[in-house]
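Peer 1: Take this structure, written in structure tokens, and hold onto it; I'll ask about it next.
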């Protein structure tokens, strides 16, 4: 149970944490923290629903749960939503890695970014892709278990750095803080906060492996992991925003060019490299499932298909990150709220209600389902609208 909670924490606490101080700026400190805790409660409720589904159906695959609930259409819908949601994240991972390593090398070598060939972002992405490819080809991702533990330690260092940096810093001018921002920016911030909590696929894989998956053990694991995750997010959100105020950048690690932040940039780059295969794996499963339905199973060529899919994803993400990230990411961002709201809220709640013949549902659980569906629809409608508006604005600025 403890290892399950730790695995859920590892899958949630990633680079998404670095944009939370910026979300505090968009929503205001008080409203932002309120949205943070509400987001934690909302996502924890859907984890609870998925935990019950996994325990009663013994299904550890999100897509198979969709098939169990709604047949082939439910499975395909979940596959497409997951693939679109994760593909944008993979491209963003590649872009972040290049940016962090570029900043680190520029600081360590005391040169300007892109001043020499080895600080060129495209070359950095190509080199990172060469390291990522063999890791992403692994079928047994348990071999990356130790690396993911190191990744969790690195994110702990980042959280500690941001906290300590605020406590010991003495800025010449007190940063300007916004307490409550009742505007469309708050809704965009809420979407970003919600998606930082995404570890729903991990939970489905963990529960069926429990020796004794009682309700108490499931609740303890989900509650414990959610508490740790929201504590990390609270510290980074609060102290990151208090330190820089309304001048906080979209990514907190780009706020300063000093040794401690350069070390953090290097560590996060390493975290992304070893985490990329973990994010790539469900994307590969989506592509493989679609290929199986289109041309049939791989049969004896399973390894060849795995290498081909992996190579296509890694190379595709690297090429887009090198040459077209500024154009492609805004377009994919328009679908993030649409797909994310379905995967994190609407699907778990509707699956739970649909499969109710397999277990008894209490009135409280039914109310939780309706609340989750309402939250999902809210994020889908408003999040998608503002994502489209932002994407159009970014594309106009890019090509103007």
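Using the three backbone atoms N, Cα and C, a Cβ is placed for every residue, glycine included.
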Peer 1: Do you know which of 189-207, 284-302 TrEMBL annotates as transmembrane segment?
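Peer 2: Spelled out, TrEMBL records transmembrane segment over residues 189-207, not the other listed ranges.
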Peer 1: From 3-21, 307-325, which range did TrEMBL mark with transmembrane segment?
Peer 2: 307-325
Peer 1: May I ask you to check whether the transmembrane segment (149-169) and the transmembrane segment (76-96) make contact, with contact taken as at least three Cβ pairs under 8 Å and only pairs 6 or more apart in sequence counted?
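Peer 2: Touching, no - the transmembrane segment (149-169) and the transmembrane segment (76-96) miss the threshold of 3 or more Cβ pairs under 8 Å.
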Peer 1: Most CB pairs under 8 Å with the transmembrane segment (367-388): which of 29-55, 76-96, 219-242, 307-325, 331-355?
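Peer 2: Between the stretches 29-55, 76-96, 219-242, 307-325, 331-355, 331-355 has the largest tally.
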Peer 1: Taking 29-55, 76-96, 219-242, 307-325, 331-355 as candidates, which has the most Cβ pairs under 8 Å with the transmembrane segment (262-280)?
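Peer 2: The stretch with the most contacts is 76-96.
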Peer 1: Any contact between the transmembrane segment (307-325) and the transmembrane segment (76-96)? By contact I mean 3+ C-beta pairs closer than 8 Å, pairs at least 6 apart along the chain.
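Peer 2: Answer yes, regions in contact.
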Peer 1: Which of 29-55, 76-96, 116-137 has the most Cβ pairs closer than 8 Å to the transmembrane segment (331-355)?
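Peer 2: The stretch I would name here is 76-96.
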